[in-house]
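This report concerns only the one structure given below.
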């Protein structure tokens with residue numbers, strides 16, 4: 001074998017060895033003694049240069065060979081020890097140092113940073129979308145708060161002239177007939193594919209099963225929710241006859257805690273410690289609210305009625321998710337319209353019985369405050385529309401905040417229109433229930449979000465510190481890296 005052939009094969013094997021991954025690199029100097037004997041053959045043949053002309057490896061090898069003259073660095077370059085490969089493409093084409101560029105590349109203008117502009121443009125779009133959702137959310141939040149507060153206050157005023165809570169509940173629930181017609185008007189206005197009312201009705205009826213709304217489905221999956229709906233509204237309105245609107249609206253916020261407890265038991269939802277704390281706060285607020293009035297029979301009955309209303313509301317939501325699942329907007333509108341029909345067909349006899357038994361008696365129809373009744377009905381209809389369909393334009397959390405925001409609004413109205421003493425215990429009870437409600441609005445991954453946020457802030461600080469060090473001395477970082485590599489090898 002001639003010396004030229006030996007050098008040619010040795011150089012080829014050495015080049016292949018230089019590209020070994022770090023996980024197969026030798027760990028001791030004695031392991032690379034064959035490579036040490038080949039240092040004098042560390043010349044790159046012309047044939048290899050021709051094969052690698054399209055890449056930057058040869059240029060980087062030549063530039064690295066000029067700067068690295070010590071025996072240790074040549075050993076590192078041969079063996080790839082600890083992943084030390086100065087000829088690998090550390091920089092991208094746009095990130096190469098200007099002194100290593102060819103004269104043609106140095107004279108060429110820098111390419112525009114289209115990637116950065118694209119990211120900025122994307123961020124601007126995302127920010128605009130979020131801002132639009134937040135603006136809609138503020139509008140929906142105010143609508144929920146004002147409609148819920150207004151219906152509560154007007155119902156309180158109506159009971160001064162018309163002491164018939166169930167009749168008012170029956171009258172307001174009949175307005176649910178308008179849900180599907182209003183939804184269909186919105187469908188005609190927004191959808192590109194227009195459908196007739198019959199076609200839209202049949203498509204929404206698939207929510208109840210393949211056979212649609214049958215008699216069996218009606219009595220097993222729809223009628224029970226009509227009972228829960230009526231009980232929720234009746235108990236809430238009946239409680240307004242016993243206690244003030246501030247206490248009623250605050251206690252009704254406990255339904256969020258009841259939903260969590262029932263979901264955890266019935267639906268086997270994820271256990272969250274913060275929501276258990278929120279449920280405890282809600283129960284503590286109920287006890288303190290009862291204690292604030294001295295456990296009088298009148299206030300205790302009112303508090304029990306509101307807690308019963310919140311429980312019926314929670315049971316309605318959990319059973320709906322268990323039996324029917326999630327519904328689209330058209331399906332929800334049809335379902336609420338059917339609930340209005342259930343109320344009208346099956347519960348119309350109850351106000352008649354209450355009238356003749358003089359439980360809810362009024363002299364004549366002229367004595368009925370129709371303005372108050374229609375006002376309560378319209379505001380409750382608006383409230384239910386915003387709660388059920390507001391998610392299309394904003395975040396659900398902002399919708400829920402509208403309910404808890406009605407508590408201080410009712411407190412201000414009660415303070416201005418009636419002589420109610422807000423003692424320390426009542427204020428603490430209201431704040432405790434409101435705090436529990438806010439804790440229940442936290443998402444399931446809130447702890448992971450906080451951890452990720454803290455990690456990002458820590459990484460950003462490190463990057464800023466690294467950028468500051470790089471701007472202070474770019475040449476110093478390379479010398480430190482070379483020294484650390486040599487110290488690792490010697491050890």
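We count from 1, first residue shown onward.
Any Cβ shown, glycine's included, is placed from N, Cα and C.
Those TrEMBL annotations? Automatic predictions, nothing curated.
According to TrEMBL, the transmembrane segment annotation covers 134-155, 175-192, 213-236, 248-267, 274-292, 298-320, 332-356, 368-386, 393-413, 425-442. The domain 'EamA' annotation in TrEMBL covers 136-290. According to TrEMBL, the feature region 'Disordered' maps to 467-491.
Using the rule of three or more Cβ pairs under 8 Å, pairs at least 6 apart in sequence, the transmembrane segment (298-320) is in contact with the transmembrane segment (248-267).
Comparing 175-192, 248-267, 274-292, 332-356 for CB pairs under 8 angstroms to the transmembrane segment (393-413), the maximum falls on 248-267. Panel annotation: around the transmembrane segment (248-267), residues 148-149, 152, 236, 239-240, 275, 278-279, 281-283, 285-286, 289, 302-303, 306-307, 309-311, 313-315, 317-318, 321-322, 400, 403-404, 406-407, 410, 429-430, 433-434, 436-437, 440-441 of the same chain, lying at least six beyond its termini, place a Cβ under 8 Å from a Cβ of the stretch. When Cβ-Cβ distances under 8 Å to the transmembrane segment (425-442) are tallied for each of 213-236, 274-292, 332-356, the top count falls to 274-292.
Ranked by the number of CB pairs under 8 Å to the transmembrane segment (175-192), the listed stretches 274-292, 332-356, 368-386 are led by 332-356. Sequence-remote contacts of a segment are chain residues at least 6 beyond its ends whose Cβ falls under 8 Å from one of its Cβ atoms, and for the transmembrane segment (368-386) they are 140, 143-144, 147-148, 150-151, 154-155, 157-158, 161-162, 168, 171-172, 174-176, 178-179, 182, 233, 336, 362, 399, 402.
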